[in-house]
Amino acid sequence: MLSPKPYGRTMPYTPAYSNLNDPEKGLSPSSPTRLARRLMVLPRRPRWIISAIVLSGVLFFLYTAGPTGSEHGHGHKNGHPPPPPHHGQGGPPPEFVEGWDEGYDEGVEDHQQRPGAGSGDGGGGGGKWGGWLPFGGAKPSHSQPETGDASDEMLEPEAQPQSPKLYDFIVDENGDQFVTNYEVDIAPMHPDVSLLPSPQSLFPEIDVTQSQPPINEKYPEDQLRDIISEPESAEESGTPREEARFTIPDDAWVKSWKAPEGWDAPPEQMRKVQWEGFAGARDGWENEEQRAVRLERKEAVRRGFKHAWEAYKRHAWGHDEVKPVSKTPSDPFNGWGATIVDSLDTLLLMGFSDEYNLCRPHVNQLNFNWVTGRDWNNTYVSEDTTIGAVYAVARDKGVGLGVFETGIRYLGGLLGAYDLSGDQLLLERATDLAHVLSRAFTTKSGLPAGRIDPGAPHDEMIQLSTVSVAEVGSMSLELIRLSQITKDRKWFDLAQRAMDYLDERVTPRSLQPPLIPMWFQPDADVDTVQHGGYTFGGLADSYYEYLVKTYKLLGGTAVSQVWKRVYEASIDRAKQLLYQDITVVPDRDLLTIGKFDGHQLIHEMEHLTCFAGAMLGLGAKLLSRPGDMEDALRVTGTCYWLSADTSTGLQPEVAEWYKPTDTKNMYHNVSLEDGLPYHQPVKYYSKLRGKPTGTKKVVGRGINRPETIESIFYMYRLTGDRKWQEKGWKMFVSWMQTAKVDGGISSIQDVTADQVRFGDNMESFALAETFKYHFLLQSEPDVMSLDDYVLNTEAHPFLVNPKLDPTSSTSHVRYWTPPTSPPDDPASAAALKLGVRSQGTNVQKFMRLQILDRARSRLIPQVQGDHPGSRPPGAGAGAGAGSGLAPLHPPQHVPPHGGGGHGMGGGGGDPNFRPKPPTIPNAPTVEEIAAQRIKAGGGENGAPANANANAPGSEDVVRLEFPEDF
């Protein structure tokens, strides 16, 4: 039967014949008996004979010449008459004509017979006629046609269907057949893992036991003076001491804030969040066959990670990221080696302790004063130049250090690796970095600034204008964990003070309290209502995530209650404002958390928002909110489906669905024969637009994001349901099959396109998060149990169980094997040589050289083309002969600000924004320098008047200091 309510509405329907067996009306027009009777009486009606001959000729022509895939017209020569209404670019299913029989059976064959056609043409015919009928069709009998039927004679052997598809259809106002039961290809909510390749087939060429040393060009020790001044030289450079331009007023909120007592109180008894079945015997949650499959998958993930890690070591060691297609480095995150620091805990968890040891010298040597070669802390003072001048390059006040990304990747990475290793080196460097980042909190509100000049006077106030909620609300886990480890409460106070301000002064002013707009003005008047967009996606995500996780980190103590209260109220409000069932995709249980902007809800799902499944699930178990668990399961399932319903199996950055009221736009008609739209089909179906299905807007970029696999990992650990492991495995296989290149794992320009185009960047979070979650999903549930750890927004694990001690060599939470002494191989020897603390990595030193060479080249043109910093790599040892400058080989590609690095989208506005290097001011020419020297008492050639004039402290030496914005 025809669907009584296709697409949710009753269709007009009137049968042509109310009773086919009514003797008053005679036999059915399509009845073979009636047609035979008419043929038998033809001799008595000669004019019928002529008509029958003509009709037979027409039908014969139609059978033999029938329409092609491009000819769907009703008698038009080329099959392209003006399109009827339903042939437009979209719209709901057509209004259907009256005159169709209600009494025929379910299912319509693909070869139909129109009312009034002669039986001699074969009701069950196939071939061209079976795929096209000019006047619509009626339900034929399902009985087999008699032997010798005309349609069988004309059917070509190769076209004979093995099992013809039966379609229900309705004839529209144009006489075309609208198929009502065509099954559109929409991805299921759960994969068939039997169709996936075996784990052994992924990366068979990778041997995880083999490792190559990183390709790391060493900066010559005897050339350090070209980039580093002695401390006393900087003091004697004549640079005036900086004074604070603005200070925090006494009436500022931050001045009246009172630090709470009991910040380090023992934790309360917290609810367990991992599925209780994991605590029992293994056979209660996994049999031997399942274990074998899981272990094979886990090893495949390790091989995939090793492929990406080794590619980074070959092509970009010491830089932030590798561009895996071009195999060149990129430095969007300070040039501190983000991939190294971000991956430390992943290396430990996966058992690559030797690789971790290779990273320790890098961590030790990092100079946090240098941001892509620009020094925000010290003035560089040169030695005497060839013309007798000493110049100074003042500290760089325009570095614009990004606080959010530096906090989650570097500070979080150091602390997370410490909690898995007990390595004191990491704790010391984390403390060093925290002192740098603490400068961001010198504001009237106590909220951190997004970008800072860390070298400004410590009491200089930072003016905040408009900030994102993710930036100001996503430092609590890192700072509080540092306080817990060091027993120093000042880091806790920074985090708690910011939270108290948001609670007391920001959420009450929000238009949708306690939700906070993506962008807001923290220092605005207390009566100013904060308008804007509300979302759990980019610019807001980690703020809400950190509310419940900080409560867990603090152990449910008194000081943690504000975090819990704001979290619960925020989720309750979001359910009313942001949650939306997606009903336009048939037979799929989809729930999105959209964006409320411009007084309307946008039915979209950002990939970044997919972290919410993990957050809601954790909160549901931790705070006993069972309704949130149901939402977590549905949101996570929706995020998985968004990846499954693309041609690559990867999830797009953003997908916006049609609203149920968009019926005129969400469908388009597709020919059943050729599958092409807008061909005036005679047999067609209405297809929901979009890929993924039902989406009207898609940002197809894919940058190896972790949010969906993060939530899938949580769903497995919280429920014990193995289907989440299968979903994750399907995602991993699709990821590797699509994004793997020789230089690592590449981003994809459009994951919805059939032809893959690589984006040529591999974010550090691909190794820090995405690979880590895939690995943990296939690991034993006691590996980094969610009852013992809380993960920051970059998946760095922080211990919450005070009984566990990573510094104990016998602890099961210590994943580090220190390098042996004496070393057994060169790699171990290199790992033991940590280098000079904070002197700068090799990459940092070359970057610093480039910055200073730009000054030299403008100041002293003679050195252009002769200084080693301007020479290409591989210049000979004698390249600098006669210049007084030894040859130096800079790295092959050290851009002051690299590409890639879209960030996690949690803050900082445009993730591609990076402060541009300041332009070098017009430096004095050699002639001007000589004139100054003469005026100062030197010789006419500009040489110093006495032998000691080139000493930094000499009164007779002209010092040329570049402006502060160099």
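Placed from the backbone N, Cα and C atoms, the Cβ positions cover glycine too.
According to TrEMBL, the protein has these features:
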type: ACT_SITE; residues: Glu405; note: active site, proton donor
type: ACT_SITE; residues: Asp541; note: active site
type: ACT_SITE; residues: Glu653; note: active site, proton donor
type: ACT_SITE; residues: Glu707; note: active site
type: COMPBIAS; residues: 117-134; note: compositional bias 'Gly residues'
type: COMPBIAS; residues: 897-910; note: compositional bias 'Gly residues'
type: COMPBIAS; residues: 942-953; note: compositional bias 'Low complexity'
type: COMPBIAS; residues: 956-966; note: compositional bias 'Basic and acidic residues'
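Around Glu405 (active site, proton donor), taking its Cβ as the centre, 24 other Cβ atoms fall within 10 Å, counting all chains. Across the structure, Glu707 (active site) and Glu653 (active site, proton donor) place their CA atoms 11 angstrom apart. Here the active-site residues are Asp541, Glu653; the one with the fewest Cβ atoms within 10 Å of its Cβ is Glu653.
Within 10 Å of the Cβ of Glu707 (active site) there are 28 other Cβ atoms, across all protein chains.
Note: the CA-CA distance between Asp541 (active site) and Glu405 (active site, proton donor) rounds to 14 Å. Put simply, Glu653 (active site, proton donor) is 19 Å from Glu405 (active site, proton donor) when counted between their Cα atoms.
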